[in-house]
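Asker: Got a structure for you, questions after.
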Amino acid sequence: MTTQSANLWVLLGLGLAGIVLITRKLKKSVREDFGAFLEKLQLLPPPQPAPPKAPHPLTALTFALSDLFDIQGHVSTFGHPDWARSHEPASSTSPAVSALVEGGATCVATTVVDDFALGIGGENKHYGTPTNPAVPARVPGGSSSGAAVAVAANFVDFALGIDTTGGVRVPAGFCGILGFRPSHGAVSHLGIIPISTSLDTVGWFARDPSILRRVGHILLQAPFVVQRTPRQIIIADDCFQHINVPLDRSSQVVVKTIEKLFGRQVLKHINLGDYVSSRIPSLKGCSGHKTNGEVKASSLGLLANIMQFLQRHEFKLTHDEWMNTVKPDLNPSVSVQLHDKFEVSDIEIETSKSVRSEMRSAMNLLLKDEGILVIPTVADPPPKLGGKEILSEDYQNRAFSLLSIASISGCCQVSIPLGFYDKYPISVSLIARHGGDRFLLDTLQTVYTTLQELADIASKSKSSENVISKEQSAEFAKEKGNQAYKDKQWQKAIGFYTEAIKLCSDNATYYSNRAQAYLELGSYLQAEADCTKAISLDKKNVKAYFRRGTSREMLGYYKEAIDDFKHALVLEPTNKRAAAAAERLRKVFQ
């Protein structure tokens with residue numbers, strides 16, 4: 001059988017039997033399409049208007065869509081064969097899809113998603129995991145994995161996906177392409193299988209920022225406005241301090257771009273975690289838990305918990321009856337979410353709603369009409385295919401802490417590729433206030449070329465520096481951090497210590513020094529975490545015990561603080577500060 005005969009077209013309205021036939025034949029050409037496509041389609045645009053009217057805005061563009069959008073006569077799989085077997089073909093086409101076709105684009109295929117679009121890895125054991133064109137041995141990211149791969153492999157000009165907790169942003173970051181999550185409610189949800197109605201958004205992928213923008217103008221149906229220049233661009237320094245990419249390949253590329261295009265005066269640096277903590281009072285009702293004396297929650301971590309809670313709760317509200325009746329076979333990552341005991345109280349639901357409302361207000365206050373927030377898209381490189389890393393609590397906490405910022409606030413976010421580091425794609429994200437979608441797309445159009453140029457320069461300059469070892473570079477960064485600390489430039493010191501850690505992550509001194517700078521800023525959770533890491537690397541690090549004791553005292557964990565001060569004294573009996581601190585706390589408990 002020839003490839004041409006395998007890739008038969010499925011016309012709009014074709015019956016279910018024809019679609020099943022196509023699916024079987026496509027399995028033979030899965031490698032040719034990187035496993036991205038489920039079924040080929042041909043949704044053709046209307047004829048061009050007669051001159052002098054302008055042609056359709058998306059003329060000659062092709063697109064694919066994640067298989068959870070309604071298409072007349074088509075049964076969506078929702079990432080699982082049991083869903084397709086137990087549902088009827090759609091009686092109409094999703095308004096979002098129709099708008100794109102009417103705008104001149106041709107829809108050519110549906111694409112693979114995670115089971116019920118609930119994962120962030122993009123793996124699907126039922127239909128096969130799409131191959132990540134950027135790093136084939138790694139996951140493509142999900143939930144909209146096939147859509148991202150179709151764009152990254154240059155099979156289509158753009159693709160539609162669903163972004164609830166990162167379903168567009170994560171695969172965009174992992175595959176090295178542009179991904180846009182619009183403001184919540186900005187694009188119609190009609191004709192889409194719901195996952196979590198308070199978080200769901202229709203997102204899209206592209207390689208070209210001008211195409212991303214043109215698609216946005218159709219989907220957002222926003223009135224024309226004069227393009228505005230950002231008045232303030234805010235770098236979330238704390239978000240960049242724990243990613244596995246050096247700052248000169250991530251946030252510093254953005255900083256240099258902004259300085260070149262808009263001037264240094266528009267730049268601002270912020271500790272986003274501290275800002276969220278101070279502006280979201282309802283987070284205080286979402287206490288973190290403690291293991292072995294270590295606090296396991298931060299403000300962004302709590303946002304991540306709430307995001308996952310909402311997704312799980314709302315998915316169950318919508319689909320629990322079907323799940324209990326059909327009992328589908330699930331991937332491990334999805335099974336954990338849906339089969340574990342899950343009890344919900346009215347108080348938890350109300351608290352989650354309050355946090356969403358407060359977070360949106362806080363972000364709108366921070367960004368106003370012409371502000372941009374800069375964060376990493378993802379914290380880590382794409383995990384290995386079939387690996388367990390993506391299931392780990394630490395990996396998910398790091399990922400969802402970043403993804404929850406836009407998901408909970410409802411703000412719009414665009415993921416932008418910045419080339420490769422250590423053979424993996426890297427990216428940053430820009431966030432604008434809720435409703436600032438057109439402004440964000442315009443800003444992307446303005447900065448994209450310069451970002452790519454400076455990212456390329458940073459990549460080449462880094463690869464040519466082979467004379468100095470990583471250990472030497474780390475020591476240089478540490479010394480710069482020490483000098484910044486002496487100058488009372490706490491945030492700058494943290495940045496240098498973070499750079500040292502990325503270059504040499506098994507040096508306890510770097511973590512301990514960064515903890516001291518965090519203490520000066522009042523960031524006690526981060527200080528405690530760094531000290532705990534330092535102690536795990538060096539059990540005799542006196543300063544780490546003392547600094548962790550100080551942070552725990554400030555957090556109100558007095559017993560654990562006393563234990564740390566006593567441990568410091570065992571290691572260094574003449575340490576007067578540790579002795580005074582232990583005595584002070586001992587008197588409190590008398």
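Cβ atoms here come from the backbone N, Cα and C positions, even for glycine.
Sharing the feature lines straight out of TrEMBL:
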type	residues	note
DOMAIN	55-208	domain 'Amidase'
DOMAIN	313-441	domain 'Amidase'
REPEAT	508-541	repeat 'TPR'
REPEAT	542-575	repeat 'TPR'
TRANSMEM	6-23	transmembrane segment
Asker: According to DSSP, how is the repeat 'TPR' (508-541) divided among helix, strand and coil residues?
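Answerer: Taking each residue of the repeat 'TPR' (508-541) in turn, the totals are 28 helix, 0 strand, 6 coil.
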Asker: Under an 8 Å Cβ to Cβ limit, what residues of the same chain, 6 or more beyond the ends of the repeat 'TPR' (508-541), are close to it?
Answerer: 238, 271, 273-274, 294-295, 297-298, 474, 478, 481-482, 485, 488, 490-491, 493-494, 497-498, 500-501, 547-548, 550-552, 554-555, 571
Asker: For the repeat 'TPR' (542-575), jot down how many residues DSSP puts in helix, in strand and in coil.
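Answerer: Tallied per class, the repeat 'TPR' (542-575) gives 28 helix, 0 strand, 6 coil.
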Asker: With helix taken as DSSP H, G or I, strand as E or B and everything else coil, how many residues of the domain 'Amidase' (313-441) land in each class?
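Answerer: For the domain 'Amidase' (313-441), the helix, strand and coil counts are 69 helix, 26 strand, 34 coil.
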